[in-house]
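This report concerns only the one structure given below.
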């Protein structure tokens, strides 16, 4: 019993140290943020309101200290935050007014050919991009075949109405963001016409995205089948093929969502944009994402992709804005590349532990037989 | 030459040439251990096991690791972790054992302090143990640098920079250690040599010495009873195994240790497979970038207490720079435990719970070490800086002032 008491004391102090060094210290160094919210209107408004509240607190503090320059700076910062909140409110209010059910894909195609075509390609419909490399804009403008697969309609609408704000890069580019906004202010058209055009073009993108997904799935299926053509039929083969199909689909979504800027070296993927162009555009070379699951963790990635500014204020990386289903798949891909032995580790780990449990039983029996002569 | 006759078996053949029976007697069968010990005495064997794990997994890792700044990160994170069969297992075992070995070293050390195992007659055991601790620290630090991650790089930058504080030769010394003006490829290559060659050899030599140093004063026991080992051993060999206060190292002591090792391994492999993250800083999975300082730089958990003593003194005092005071305190913290047998001058060899003042001192020290450890990780701003400052002061006072005073009071009390 005495030994058990000593053991508990050792465990208690070890646990206390562990708690202090790990969860406690991390909670202090990495302040908690609200979890990813795929209702972007809600997310953006609560985030902007949070910033206003922060700035208000700083102003109160400055007033307490009665420091004129501090008060002035805090007031300015508060005004900027309020302005930002108002902008966000206005943007999402306009998105609310759009009736996506009324979208007409064929009119959307015409709109696309008149307005988006200058920068964006749409391979799925045979529309080639005018930009095949990153030299003009720092990054290759995305082909929109997959857009409606990655993003929900409201986010797409917000992106068209005010790209810099929806992508959360207005702090860096302001109104000079490379993608021009399309709204009644910039186009001079009435709000009804703008909303109808947006609904139309999104309907068109949705139609294309369905086709795109179908084609990609067929391509992946064919590739996997070709790879396994010579392997004998078995349950193992089916399982392997299924696993590879899922991986390939997730990889495709990653390439569509992140692949214009980021590499995934450990999976042999390299972004087609030139590194120097990206650096000129964003300020630094976007990191390779091979080890991100280990260096940032699933939770961080989930929150970060959802709202980059929440975890890395001031970063030039745009909010990705993926819908919930796609984001889960993209992060699953990042995990499968960065932690490819997870399954093996967890199943083997159990066996090793069971081995030592059995060994312990024998060890205890052996010790008893020896000590029966000693006690 | 000895008389060699026809052997009746392999063991006999070897015995005639190498005296294996005599050797086994000295090393195991007639190496006497007090019977009254608890599981804390098993820490030594657990440490030996962990060191063996580190050594063997280390050899496997060296087969694939590349000590070159351009290749190191990928050789660890891609080649070893993903391409080599079970590479992840060796790497996690190595990483987790490197962290857990320090936990067990600390338990081992604190056990020694609690039961007074460093005192008169056992000084060399204590000193060789402390030497092992220091060399293990160097080994851990040089190993931490090898994956060439962000924290590897910045920790190396900060730690090597410390040598710059040494008067007169500091700046030159830093360049000499790094092999360059900044931490770079030559630093990595030489730390690789230190980690896989020189320091392991030194560690093995000191381990042998540490074991040898136990032979004459013998292992202490739970009640710090002074035993006549020869007498008790005779009793044992005469057949009074129950009455004797000693047991042979083999099989008596090891049969018990084997239980503890087996149980410990369940915990160890739980960490290896499911909780390895605690031993690996996530920031170290970003490749080293000399142009991007991480938001917080801190060492591994087992160095945090002395790191906090280093940075606890954050303001200048009377023209002496904060950095220099911190460095001096840090230097003291590294060597002060070596002097424990002379700081505690009391002749009483007893467990702490039989020495009331020392008992209080022990737990205050333990709590203070934990406070230093936790605050060594937290950012040193605002209230944290002051907690760190006072905890550092308390640490130095406890060892330099309070402990000698307590033992003087004990001596006086004993005379009355």
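Glycine is no exception: its Cβ is also placed from the backbone N, Cα and C atoms.
Per TrEMBL, domain 'Cytochrome b/b6 N-terminal region profile' is recorded for B:10-223.
Among the features that TrEMBL reports, transmembrane segment is placed at B:39-65 (among others).
TrEMBL lists B:96-117 (among others) with the feature transmembrane segment. Residues 40-41, 43-44, 46-47, 50-51, 53-54, 57, 125-126, 129, 132-133, 136, 140, 143, 219-222, 224, 268, 271-272, 276, 278-279, 300-302, 337, 340, 344, 348-352, 362, 365-366 of the same chain lie 6+ residues outside the transmembrane segment (B:96-117) yet bring a C-beta within less than 8 angstroms of a C-beta in it.
Positions annotated as transmembrane segment by TrEMBL: B:124-146 (among others).
Residues annotated as transmembrane segment in TrEMBL: B:191-212 (among others).
The feature domain 'Cytochrome b/b6 C-terminal region profile' is assigned by TrEMBL to B:239-416.
According to TrEMBL, the feature transmembrane segment maps to B:258-280 (among others).
Nonlocal intrachain contacts for the transmembrane segment (B:325-344), taken as residues 6+ away from its ends with a CB within less than 8 angstroms of a stretch CB, comprise 109, 113, 116, 118-120, 122-123, 126-127, 130, 133-134, 162, 165, 305-306, 309-314, 316-317, 358, 392, 395-396, 399-400, 403-404, 406-407. What TrEMBL lists as transmembrane segment is B:325-344 (among others).
Within its own chain, the transmembrane segment (B:356-375) has Cβ neighbours under 8 Å at 110, 113-114, 301, 304-306, 308-309, 312, 344, 346, 384, 387-388, 391-392, 394-395, 398-399, 402-403, 406-407, 409-410, counting only residues six or more beyond its boundaries. Residues or ranges marked as transmembrane segment by TrEMBL: B:356-375 (among others).
Tertiary proximity for the transmembrane segment (B:387-409) is limited to same-chain residues at least six positions away from its ends with a CB under 8 Å from its CB atoms, namely 305, 308-309, 311-314, 329, 332-333, 336-337, 340, 343-346, 357-358, 361, 364-365, 368-369, 371-372, 375-376, 380. What TrEMBL lists as transmembrane segment is B:387-409 (among others).
Fewer than three CB pairs closer than 8 A are found between the transmembrane segment (B:258-280) and the transmembrane segment (B:124-146), and contact between the two stretches is not assigned (pairs 6 or more residues apart). If you take every residue in the domain 'Cytochrome b/b6 C-terminal region profile' (B:239-416) and average the pLDDT, you get 93. If one looks beyond the transmembrane segment (B:191-212) by at least 6 residues along the same chain, the residues whose Cβ comes under 8 Å of a Cβ in the stretch are 48, 51, 55, 58, 62, 65, 67, 125, 128-129, 131-132, 135-136, 138-139, 142-143, 145-146, 156.
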